[in-house]
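Q: Sharing a structure here in structure tokens format.
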Amino acid sequence: MLEEFCNSVFWNASFLDRPDADLPLCFEQTVLVWIPLGFLWLLAPWHLYCIYKSRTSKSSLTHLYLTKQVLVVLLLITSVIELALTIVESQEQPTPPPVQYTNPCLFIVTWVLVLVIHHCKRWCVNQDSWVLIMFWIFSLVCGVFQFQTFIRILLKGNNSNLAEFCLYFISYGIKLLTLIVSSISERTPETKASSNNPSATASFLSSITFSWFDSIIVKGYKHPLTLEDVWELNEDQKTQKLSNIFAKHMEKGIKKARKALQKRCQKRKSQEKSETQMNGPNISQSQDNLVLEDMKQKKKKKESITGTSQDFAKSWLIKTLFNTFRGVLMKSFFYKLVQDLLTFLSPQLLKLMISFANDSSSYIWKGYVWSSLFFVVALIQSFCLQWYFQYCFILGMDVRTTLMDSIYRKTLTISNKSRKQYTIGETVNLMAVDAQRFTDVANFIHLIWSCPLQIILSIVFLWLELGPSILAGLGLMILLIPINAVLATKSRKIQVENMKNKDKRLKLMNEILGGIKILKYFAWEPSFMEQIQGIRKKELKNLKSFSLLQSVVVFIFSLAPIMVSLITFTVYVLVDSNNVLDAQKAFTSITLFNILRFPLAMFPMLISSMLQVSVSTERLEKYLTGDDLDTSSIRWDVHSDKAVQFHKASFTWDRSIEPAIQNVTLDIKTGQLIAVVGTVGSGKSSLMASILGEMEPVHGHITLKGSIAYVPQQSWIQNGTMKDNILFGSPLDEERYYQVLEACALLTDLKILPAGDLTEIGEKGINLSGGQKQRISLARAVYNNSDIYILDDPLSAVDSHVGKHLFNKVIGPNGLLKDKTRILVTHGIHFLPQVDDIVVLVNGVIVEKGSYSDLLANKATFAKNLKLFAKKSSSEGEATVNESESENEDDLLPSVEEIPNEAVSITLKRENNFQRTLSRRSRSDSNRHRKSLRNSLKVGNMKPKQKENEEIVKGQKLIEKETVETGQVKFSVFLKYLNAMGWWFIIFILLAYMANSVAFMGSNFWLSEWTNDAQDYLNKTYPTSQRDLRIGIYGVLGFAQGFFVLLASFLSAYGSLHASQTLHLQLLYNILRAPMSFFDTTPTGRIVNRFANDISTVDDTIPASLRSWILCFLGIISTLVMISAVTPVFIIIIIPLAIIYIFVQRFYVATSRQLRRLDSVTKSPIYSHFSETVSGLSIIRAFEHQQRFQKHNESLIDINKKCVFSWIISNRWLAIRLELVGNLVVFFSALLGVIYKEDLRGDAVGLVLSNALNITQTLNWLVRMTSELETNIVAVERIDEYIKVKNEAPWITEKRPPDDWPSKGEIHFSNYQVRYRPELELTLHGITCHIESAEKVGVVGRTGAGKSSLTSCLFRILEAAGGQLTIDGLDIASIGLHDLRNKLTIIPQDPILFSGSLRMNLDPFNKYSDEEIWKALELAHLKPYVEGLPQGLGHEVSEAGDNFSVGQRQLLCLGRALLRKSKILIMDEATAAVDLETDNLIHTTIREEFSNCTVITIAHRLHTIMDCDRIIVLDSGKIIEYDSPEKLLQRSGPFYFMAKDAGIESLNTSL
């Protein structure tokens, strides 16, 4: 039929059975023309429908659009001309065949369709059509056959159809031009304006090759990328959009899961019922039995209740994720399936190539066809694989961001009861760890079905090659699975144990850094260094076991393919003497075995990561289905005449306990100021929480009118500027803002803070005092301008003077909030007369309500408590320095400490080093610091401040930013690591790996020779000796490979262990020798990070990366050597390919490295913001800012996501280009095999191609490893940075003091000057004084006067900037630090304990006997307490000594001092944080035990130093008074005024 249609032969096999093969013209004009046309017409309706659905506004005309339309019109014209020519011809000659009418008509209609598609695409964002691109490619590929046929006809001299031929050539050229034009990405003015991300408008070819990403790669190569360089996400990738879709599916999923949960609960209940009926009591049972039975029932009931409470809505998360992302899953499934099937085409093509090489009679064109097919199959495979990875990684990224956002959303609504089940750390872990596990599995999810598919196909094809013999090899592979599993389990066990050691080490390290000052004071560094090293030894021991196990795993993994092929081939040749191993069988089988290695290696890994995900799924399901806040009992009524109305309301924190608020009925009118008072634990804060809806309602309700602002008891400060904290999302109103700052007493703080209100506040307000934090918290509420103000004891953290100011200016009857409704929880009695009503709470019940005078007249609870409190405060009055008069003193000069020229002022650092939330010290002292600053700021001469203005704005940042290395990692860093490993190790490791490569090449060449025997012994008997020799040598070479890999792994395990040990020791040694100023300016977290992440990278990641890199590199070299050995011409091809490879790799590594850094930099703000949200949840809810915080979270996730997305794209960009290089290696290897067919045999071609097929993966892996190694070696760079930190003076020098020094304890300061850091001004200005032996001296002065600097000088924490300090005539600068510090004793300001035994805390070097320690404890009044502990001296002290009260900790510090009993004792504000009783105990002991010692006391409470022999009064780093207390009180100097403020008139009143 088709032959009549064309008037010529349609198909004849003889056309191909000749050297110059060709296809019949009829076949070319029908089938090959209709394939592309059929493709287009089949897809056109669906394509147009998709265009219609995705249309937006019409875009402007572009040059590209017009060019495409013109080219298609030209094609239309050629088709019309062709049709016209046929019609004209039909009139002159016999009728032309129907095909000549049909084809032009089909083309005319097709070109019109193409014009329509182009036109419709103008309504889309992406103007490019992938259907048309594929159509042009098919047209050109199918048309090339007709093209060459026409050329052949013309070359034979047949010119009869010249016009038709010319038209065909013109139309072919236009099609080629159209394809080129269509592959250019088209960006209209509209798309340029709306988005800067070119992926949305990239053409089809640009998309599949990721060429649209070129500009970022080039930019990243030229200079390190910044966040601004990274493109924004497209709308459909943004977190908000994905989360909304997920939320819809989640709602349905949870509904179903909750129904299933109800059924489970009902089933459980009915089972219990039936059990109780069956076990009903027997009448004859004795009373005892009945009681026992009753107890059992109760126990069972309790268990069932907890069981039910632990049960939750399960098995909905995976389904929800599937429903949300099924589109991406289906696309990736399709690509993976195609890729898997194409993988098995390569061995078949290899088989065809070998048979082509062996068959001397086969036509050369077949070789070219197979070579081209090799390339085409590999190319399609590459595209499919990369797009499969692209979709999988994007799926992983989307799943992670969706889960993170869902966790965040849930956190904003979760009930307090559900929230209490998780610590902040655990909640952050859900976001950081559990969500990440989903990402890891999403990347490989399709391997669930792909691995079994690949295994089955491999076995089928191997069976076809070698028959049942493959069962032997397969058996070995299966046998290796349990062996691997056992090794993996053992490895995991070691890892788990090592994690515990790591945690121990980091915990101790954290404590060391937290208490570094104590370590330096007591010269305890060596002891703690020993402890760390002890843990590190265990860690390294485990690491050694783990590394050796890993070496065995690597050995098995590398030996497996060799052993499998050896056993299979051996069985194959031994089973039957007719079985001779030829090249086709051997190399096809080896390629199939290589394919089989991947699924067998991946499957166990996949299963273990899926098990991890199942744990995470359960944790996430439990969290996401937790109860939400029940606000049903809070009602809003705009028309109510009351602002707050309680109606028989009872609230509880947990249904299982008694209500914290019971039957409260309370009316609060609009504009009233209500004080809520009561003892500790009476339910004041619970009453506030109930108004906020934070508690579980029991019965009754609360009616509210208007919006709420809330100031919590413990202020919550965000990491951001002070201004951001106060505005809290509201627009800025300058006048109101200033008003609020003034009212909240924050203007003075602005002058102190380096950049005023733009100063960055650290996490949790770390660089603010307690009082400052509380005032910012209050300012936030005041600025928010709400109707109802809930103030939960905001005046407790500020000192009385400031409290008064805040009450008058903000809260009180004349304050900023005078027209608002205020509910104030307070302990300040002096404010109560000014409030409208007082509510008295006892155990959650309101016992009294009324005005101040009414309640006093009632003489009930309130009046009684008031009397008690008045007594208490009068006894403590003398202890607190009242400073109301100090406001007016204008004669004090500001000291450097007081106006810090950078945010990390040492005073602030010292004051905030260990925040004690509401201790007396923080109440009185934090404000004193601020007030002395206020005084100093009143000084007329403010020039120093102006002069330092530039630096001050620099100090706006809290702590200098951590240096993020950019650009390439210096070679010296690699050398540093290799040096730490040891050069002998390096040499032997390289030699072992090289030997492995030589054995690998040897076994390949030997196999090639072995398969050659099939040709040599054709039709002859194969000698057994020859056969055994072949098997034997092949086996020996295989074992040699395994042995050398094992040897290299063992050596690298020991080498890397040596490196880990060396680097950690150097780092630890140097950090403990760093001066105190280093710890003042470096956050603890940053130092801990070096010991945690960076050491962990050096321990685990770098050795693995280095091993992989060497293996990959040598693998590629040996493959290229083998190919070049067989076909030397290949060397010429290697050179350009190597240049392309290196060029692409250098470009990629620069960009990828920076994108990875940006990823980690943008990840931490997400977690910080999350933990901040969790800790400030009640405030966010009270202000109703959930929406704003959610948006901020989404924007943070999107910023991180755009970095991750760009990193994923950069990997695909690289992989496509590298795979192209790999595919070209395969193509040229095959091509050379065809060109040099005469010189090569089948075994040589098999050897070359089977290795070339492997190279693509290895090339890809090498770049990945290079990049990973560069990224990870940064850890060594960071460690090295801290190894080079400048040290303090040596611990022990050649000049050592006498053993009995100091025998007298005389201290002499001679013109002594000191500064904190070289760039700062002097803190002590030339102090000269003499302290006699056994003299008791007190040191006083306002905060920042230099009191603590004095202590630091004695211990040489600060080195002298001038002058001299001698003890017993010996200059302390001339001896070693430990010699000095061991001879002095200090009871420090902060009583720091370390986790460990109580004995270790008192005597870390085990110098003293138990008797001596018990004696010291007895003198420190702790003996009875310690004796009462179960383990006595062995009692475990928890982290930071949390299981001891502050007073007990201070007494333990006294115990340390009593043990040392040195001639000089320094007390640095030692009793600031303890109650009067403990204070008294400490002073009595010191008077008795240190009577013959020199004691220097830095005072906080003046009465503590009134019994000293002499008192030093410091101000601005100078001694302004130095005399006995009696004489000082007689003069009207600074000391006299201080004493007067404290209520001390004479020595008698103080004692």
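Backbone N, Cα and C atoms are what each Cβ position is placed from, and that goes for glycine too.
Positions annotated as compositional bias 'Polar residues' by TrEMBL: 276-285. Residues or ranges marked as domain 'ABC transmembrane type-1' in TrEMBL: 332-612, 987-1271. As annotated by TrEMBL, domain 'ABC transporter' applies to 644-868, 1307-1541. According to TrEMBL, the feature region 'Disordered' maps to 264-285, 874-894, 917-946. Residues or ranges marked as transmembrane segment by TrEMBL: 31-49, 70-88, 100-118, 167-185, 368-389, 444-464, 470-489, 546-575, 595-615, 983-1007, 1031-1054, 1106-1123 (among others).
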Q: Counting only residues 6 or more past its boundaries, what in the same chain has a CB within less than 8 Å of a CB in the transmembrane segment (1031-1054)?
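A: Sequence-distant neighbours of the transmembrane segment (1031-1054): 544, 547-548, 550-552, 554-555, 558-559, 562-563, 566, 569-570, 573, 985, 988-989, 992-993, 995-996, 999-1000, 1002-1003, 1006-1007, 1010, 1103, 1106-1107, 1110.
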Q: Please indicate, using numbers and ranges, the residues of the same chain that are 6 or more beyond the transmembrane segment (546-575) and have a C-beta under 8 Å from a C-beta there.
A: 462, 466-470, 472-474, 476-477, 480, 483-484, 487-488, 490-491, 494-495, 498, 581, 585-586, 589-590, 593-594, 597, 601, 996, 1003, 1027, 1031, 1034-1035, 1038-1039, 1041-1042, 1045-1046, 1049-1050, 1053, 1056-1057, 1103-1104, 1107
Q: Quick one: find which recorded stretch in 70-88, 100-118, 167-185, 444-464, 595-615 has the most Cβ pairs under 8 Å with the transmembrane segment (470-489).
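A: So the stretch in question is 595-615.
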Q: Do any residues, 6 or more residues outside the transmembrane segment (444-464), come within under 8 Å Cβ-to-Cβ of it, and if so which ones?
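A: Beyond its ends, the transmembrane segment (444-464) has Cβ neighbours at 329, 332-333, 336, 340, 343-344, 347-348, 388, 392, 395, 470, 473-474, 568, 588-589, 592-593, 595-596, 598-600, 602-603, 606, 609.
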Q: For the domain 'ABC transporter' (1307-1541), would you mind checking the mean pLDDT of the predicted model?
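A: Summarising the domain 'ABC transporter' (1307-1541) by its mean pLDDT gives 82.
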Q: Report yes or no: does the transmembrane segment (70-88) come within contact of the transmembrane segment (167-185), defined as 3 or more CB pairs under 8 Å with a sequence separation of 6 or more?
A: yes
Q: Near the transmembrane segment (167-185), which same-chain residues lie under 8 Å Cβ to Cβ, leaving out any that are not at least 6 residues past its ends?
A: 64, 67-68, 71-72, 74-75, 78-79, 81-82, 85, 128-129, 132-133, 136-137, 139-140, 143, 146-147, 150, 198, 201-206, 212
Q: Looking only at residues six or more beyond either end of the transmembrane segment (368-389), which have a C-beta under 8 A from one in the stretch?
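A: Same-chain residues near the transmembrane segment (368-389) but 6 or more away: 208, 210, 331-332, 335-336, 338-339, 342-343, 345-346, 349, 352-353, 356, 443, 446, 1211-1212, 1215-1216, 1219-1220, 1222-1224, 1226-1227, 1230-1231, 1233-1234, 1249, 1256.
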